[in-house]
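Note sheet for the following structure.
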Amino acid sequence: MSKVLYEKDIQKEVLQGKKIAVIGYGSQGHAHALNLRESGYDVVIGLRAGKSQQKAEEDGFTVYPVAEAVSESDVIMILLPDENQKQVYEESIKPNLAAGNALVFAHGFNVHFSQIVPPSDVDVFLVAPKGPGHLVRRTYESGAGVPALYGVYQDYTGSAKELALAYAQGIGAGRAGILETSFQEETETDLFGEQAVLCGGVTSLVKAGFETLTEAGYQPEVAYFECMHELKLIVDLLYEGGLENMRYSISDTAQWGDFVSGPRVVNEDTKARMKDVLTDIQTGKFAKDWILENQAGRPQFNAINAAENKHQIETVGRELRDLMPFVKQPIQTKQKEVKQHVTN
Ligand SMILES: NC(=O)C1=CN([C@@H]2O[C@H](COP(=O)(O)OP(=O)(O)OC[C@H]3O[C@@H](n4cnc5c(N)ncnc54)[C@H](OP(=O)(O)O)[C@@H]3O)[C@@H](O)[C@H]2O)C=CC1
Ligand SMILES: CC(=O)[C@](C)(O)C(=O)O
């Protein structure tokens, strides 16, 4: 059997008949809950009072306080922000776990960095989608799925792996691929990827390209279309068929530029800095800094976020996207409005 597992390789029965508590209803939480319910599983939500509780109830879920959701359930998937998990776990989850429960995570951060130390009489595993929560939902609804990693940290019942696979299949990952990992590998590679390649890397590259063009006197709108808007179109080709597929579709002029100029921008120096980022993750320095930033009330996070939202690439982008009805509104706004606008 291949290392990557698919729907046909997975026994769903092991999760059927079990009550699943999804703790949190945000990016990942809403997607897991809706996908699992539509896959035929019994799902309840654990939340505090607030906007997520209202959304989950609007989506037809029974919402309990976290402690009650845990005490009522067999499988507990913690989909809280990483920085909130330790406190909620100690206060509301740990006291309500029962022998034989499954404690599940979508990111290994808190277990790997010993912020959460599970009891010895529960299964502990992770099911980590390799994609944003809203796309975990959107792809599931379209009949596709987002790949996921699974890893077993503790197998008390002897069924932890089978439960993890059935859970991953239930959120749609069996349609895209499910691969075994460890809490360490998932944690360190996910943190690295989001910092140095996907989010941190891409946003830094896009802003630098945009600024290079606008500082040279070109129109900001041209710089936006070139460096931000077109990025999705190029990445779609990479998603569908790798470098070869993208290079097949672009011009030979662009491909030659890719070959001769790309390495001038991203090169061995860049890789050396990537290795520094990875070292800070592996040593726990990043985790410690993030935990301390949250304990201090996020002064740096909030200041940088405010400045980023004022960047010209954002102000120009908002104006242009508002004129393009086919571009999905930002996740947090009501997408139904966009659909009505497009169909009218
Ligand atoms: N975002 C992503 O695409 C991915 C996330 N992950 C992992 O998934 C996990 C969840 O992340 P994500 O979905 O982004 O989180 P979000 O910030 O999107 O959602 C967090 C949810 O937890 C709720 N919440 C926060 N604090 C509490 C609390 N004290 N008590 C009860 N509920 C609370 C929030 O409700 P409220 O409305 O009240 O704030 C919200 O519903 C993390 O471990 C993350 O690393 C893994 C892969 C991808
Ligand atoms: C979407 C995802 O997997 C990230 C970027 O790692 C995250 O949001 O944590």
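Here the Cβ of each residue, glycine as well, is placed from N, Cα and C on the backbone.
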From Gly133, Gly143, Gly145, the one annotated by TrEMBL with Tyr25, Gly26, Ser27, Gln28, Arg48, Ser52 for NADP(+):
Gly133
Return the residue, from the listed binding-site residues Asp190, Glu194, Glu226, Glu230, with the maximum count of other C-beta atoms within 10 angstroms of its C-beta.
Asp190
Near ligand 2, which of the binding-site residues Tyr25, Gly26, Gln28, Arg48, Asp190 have CB less than 6 Å from any of its atoms?
Asp190
According to DSSP, which kind of secondary structure is Asp190 (Mg(2+) 1 binding site) found in, if we only use helix, strand and coil?
helix
Composition by DSSP (helix, strand, coil) of residues within the domain 'KARI C-terminal knotted' (182-327):
124 helix, 0 strand, 22 coil
Using Cα-Cα distances with a 10 Å cut-off, which of the binding-site residues Tyr25, Gly26, Gln28, Glu230 are near Ser251 (substrate binding site)?
none
